[in-house]
Amino acid sequence: MSLIFSLILPPFAEYPSLQLQPWMYGLPQTTFYSNDGPDNVEVSQVVDTLVNNPGFGTRCMDGNPIPMLPCSSSGSDWFTPPVDQSVSDIFLNGNWSMSNPSPSCQCSTPKRTTMLPDCPPGAGGLPPPQRIQNTTDTLEDLTGRNMSDFLLKTFEQSGKTRYGGVSVGGVNSQVRLTEADIEVVFRDLRDLLGSSQDNVTDELLQKSESLLKKLGTRDNVKVWFYNQAWHGVVSFLAVANNAILRGNLAAGEDPRQYGISVSNHPLNLTKSQLSFVALATTSNDVVVSICVIFAMSFIPASFVLFLIQERVNKAKHLQFVSGVNPAVYWLANFAWDMCNYIVPCLIVIAIFLAFQQKAYVSPPNLPALILLLILYGWSITPMMYPASFIFSVPSTAYVVLTCINLFIGINGSVATFFMELYDDDSVSRINDIVKQVLLIFPHFCLGRGLIDMAKNQAMATLFSSFGEDRFEDPLSWDMVGKNLCAMSIQGVVMFAITILIQYKFFCKPRLISGKSLSAEEEDIDVARERERVYEGRAQNDLLKIRDLTKVYSRKSTPAVDRLCVGVPAAECFGLLGINGAGKTTTFKMLTGDIPVSGGEAVLNGYSIRTEMSEVHQNMGYCPQFDALDDLLTGREHLEFYGRLRGVPEPEVAMVAEWGIQKLGLVKYSNKSAGTYSGGNKRKLSTAIALIGCPPVIFLDEPTTGMDPKARRFLWDCILSVIREGRSVILTSHSMEECEALCTRMAIMVNGRFKCLGSIQHLKSRFGDGYTVIVRVGGSPPALKPVEDFVLQTFSGSVLKEKHHNTLQYQLPYTQGALASIFSQFTIHQQRLGVEDYSVSQTTLDQVFVNFARHQHIEEEAEGYDNPVDTSDEKPLSSRKISQEAEKV
């Protein structure tokens with residue numbers, strides 16, 4: 001659109017000469033003349049050339065000197081337009097004179113303002129004789145009339161087509177001396193000075209006498225003109241001069257062969273003026289550059305949309321865990337983005353070529369245009385990447401980045417351009433500084449480069465009329481060269497900054513030594529496991545965690561507090577805890593998602609602090625939320641992550657098929673993941689974690705959203721992995737799942753292990769004993785004897801529920817308590833009328849609830865030390881803790 005607009009505007013060029021003649025204001029016109037010296041032969045000859053051929057000006061001369069203005073062969077006869085009888089009666093019965101020739105007009109008064117005189121009928125007098133000239137104009141004969149009175153009072157009728165006229169033969173009343181008087185004066189002077197005809201004094205007197213005679217001309221030609229027609233006075237003066245020329249021709253000369261043409265030639269601009277005009281004429285190219293910046297601001301902003309989405313849904317982190325090097329990840333994204341950028345870049349170049357804008361597509365300028373556009377993409381694309389670490393909503397990032405691009409590009413280019421228009425040294429110095437500073441922005445480099453190219457071409461075109469070559473090489477440093485150099489550097493620097501941010505170079509973790517943390521009394525099992533790790537007895541475990549700690553800035557309480565545990569091969573280790581306990585934070589540290597504040601973890605011999613790339617090669621990871629691409633099918637996901645895991649290309653399809661078969665995704669393998677149910681997404685995420693058979697697999701709530709059948713199927717898959725000798729670290733809210741899968745487990749509260757051991761061990765140590773349910777027979781049932789018996793026989797028993805014929809007791813756990821319960825009830829069953837009874841151990845759910853009550857409500861804000869991600873574990877109120885406990 002901007003280029004179409006540029007075609008509408010005429011290019012700057014030297015203005016052509018303008019021929020000045022009455023008809024430049026339109027056709028036909030009304031004009032007039034008057035013969036103020038009818039007895040003067042010379043005046044009559046001048047009037048005759050006005051009235052007859054060739055008439056006014058040069059329009060009807062031989063050769064048609066004014067094209068597009070034809071002439072008729074001759075004019076019409078003289079006629080007087082008729083008037084109403086009432087108007088005629090006004091002049092027949094009135095007392096009119098030269099000073100009062102017609103009825104007066106009403107002009108403005110203090111109470112009434114008018115733009116034009118309000119004239120009655122007959123104002124200006126009776127219509128004058130008139131005829132149609134060969135120029136198609138109406139010529140009025142105003143001889144003998146009061147010209148001023150007539151022109152003023154008839155302006156409303158014919159003033160809009162009457163631009164001027166000529167009066168011939170008027171006597172100059174200011175000239176008092178005749179030629180005879182002048183001759184007498186100068187004769188007396190000669191006698192007085194005694195000059196002779198041969199001396200200098202006499203020659204001077206002769207010339208003075210001749211000059212005074214000419215100045216004293218009494219017969220004048222008067223030109224009348226309409227002052228709103230700017231060229232009217234010159235045009236009708238040319239008419240008068242033509243009439244005088246033709247009236248003084250020798251006898252026999254054809255007046256149609258003679259004429260005087262008047263043209264207005266604008267002054268040529270000086271070199272300094274040309275420089276300013278060249279700058280001013282590039283304002284159209286400023287619009288072009290603004291439109292290019294506008295179009296090219298949306299494209300790079302769109303490149304971060306997918307990057308933000310991958311970061312938020314953890315797909316990027318899952319790729320890193322699967323073996324992608326962060327530098328390779330960003331290089332691949334940059335290569336893909338540049339391929340996408342080249343398409344609109346080529347379209348812009350094609351549009352410039354289609355419109356043949358010399359400032360951009362001439363042979364010297366086209367390479368500069370191509371380099372500007374390519375290097376703009378090279379520099380602006382990595383400049384957008386750091387925003388992918390800040391925003392969490394892609395649409396918000398797109399709008400904000402686009403606005404920033406537009407603001408910097410348009411305002412910077414336009415501001416510096418308009419400052420160049422001011423002819424002020426201080427403004428010029430400020431402008432030079434601003435232009436140097438703004439070179440750090442690719443948007444400005446592009447827009448300013450296009451303006452400089454257009455300005456350079458305009459200057460060269462204008463100065464070529466002086467024979468000077470002012471064209472500068474567009475790739476020179478003072479032209480576009482510095483912009484190209486700046487963008488080249490910006491691309492490298494911004495890409496390096498992106499890589500440093502990815503490696504958390506600017507985000508130093510808060511290092512805390514284990515001794516500085518609170519030393520609460522630790523459970524004996526947890527302390528025993530810590531001692532085992534400290535003494536090196538966990539050296540052969542696949543995963544060894546030693547004092548793993550995470551403390552966020554502005555938080556005194558650690559999110560994870562000195563965890564110590566070793567997980568050997570072929571073990572499923574369960575990690576339990578309500579939201580906010582630190583489970584997901586632990587997983588994030590072990591998978592490299594967030595930095596470690598203190599401690600160490602070694603996975604299959606590799607440290608998570610110094611050898612994370614090797615750690616990733618030995619782990620599989622199923623994140624808490626599905627890190628899937630909605631547009632890829634399940635099979636494509638498995639093939640993609642199989643390649644990332646280093647599966648040989650010929651075996652990729654086979655491995656993907658294995659994952660599909662193992663997780664029961666055959667029916668959905670060729671459907672996009674966005675259409676999957678929650679359970680199938682968890683299956684696919686688990687299959688991705690199993691790809692490549694890593695020795696250690698992290699499963700963060702893998703069965704969330706699954707139906708019981710799918711959950712049981714996934715349990716079987718996990719058990720088969722354990723039987724293969726691999727280790728599984730599992731977090732879950734399902735106690736049933738932990739009992740079915742875990743060989744050992746730990747319950748986390750406030751970032752610390754509160755208990756650790758096998759399922760049965762935890763039930764035995766931390767359970768509330770045994771639950772006894774007794775059903776009494778009889779009608780009505782005799783419950784009182786049973787209550788007295790339990791109270792006397794089992795100390796510490798608590799009656800939990802009492803119904804029609806049923807009693808539920810909670811009995812404390814003591815050595816041999818289970819055998820005592822069965823023996824006592826067997827002996828006294830008949831006496832007490834007990835129909836049946838049951839004894840069960842406290843469930844794992846009750847153990848979990850007991851520990852969950854100790855979870856503090858302080859916010860675990862995982863996002864403070866991590867500029868990339870925010871925590872998935874939200875702060876919990878005491879009410880939510882109870883709700884979480886009730887869920888399990």
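Just so it is clear, glycine is given a Cβ too, placed from its N, Cα and C backbone atoms.
The compositional bias 'Basic and acidic residues' annotation in TrEMBL covers 871-888.
Residues annotated as domain 'ABC transporter' in TrEMBL: 543-775.
According to TrEMBL, the feature region 'Disordered' maps to 859-888.
A Cβ distance under 8 Å defines the sequence-distant neighbours of the transmembrane segment (286-308), meaning residues of its chain 6+ beyond its ends; these are 1-3, 5-6, 316, 333, 337, 340-341, 344, 348, 357, 373, 376-377, 380-381, 383-385, 387-388, 391-395, 397-398, 401-402, 405-406, 409-410, 413-414, 417, 443, 446-448, 450-451, 454. Taken from TrEMBL, the feature transmembrane segment covers 286-308 (among others).
Long-range contacts of the transmembrane segment (328-354) within the same chain: residues 3, 292, 295-296, 299-300, 303, 307, 316, 319-320, 360-361, 369-370, 373-374, 377-378, 381-382, 385, 495, 498-499, 502, each at least 6 residues beyond the stretch ends and with a Cβ under 8 Å from a Cβ of the stretch. Here TrEMBL flags 328-354 (among others) as transmembrane segment.
According to TrEMBL, the transmembrane segment annotation covers 366-385 (among others).
What TrEMBL lists as transmembrane segment is 397-419 (among others). Cβ atoms under 8 Å from those of the transmembrane segment (397-419) belong to residues 282-283, 286, 289-290, 293-294, 297-298, 300-302, 304-305, 308, 380, 384, 387-388, 390-391, 427-428, 430-431, 434-435, 438, 441, 443-444, 446-448, 451 of the same chain, restricted to positions at least 6 beyond its ends.
Residues or ranges marked as transmembrane segment by TrEMBL: 487-506 (among others).
Residues 296, 299-301, 303-304, 307, 330, 333-334, 337-338, 341-342, 345, 348-349, 352, 360, 401, 405, 442-443, 445-446, 449-450, 453, 474-475, 479-480, 483-484, 486-488, 490-491, 494-495, 497-498 of the same chain, all 6+ positions outside the transmembrane segment (366-385), place their C-beta atoms under 8 angstroms from a C-beta of that stretch.
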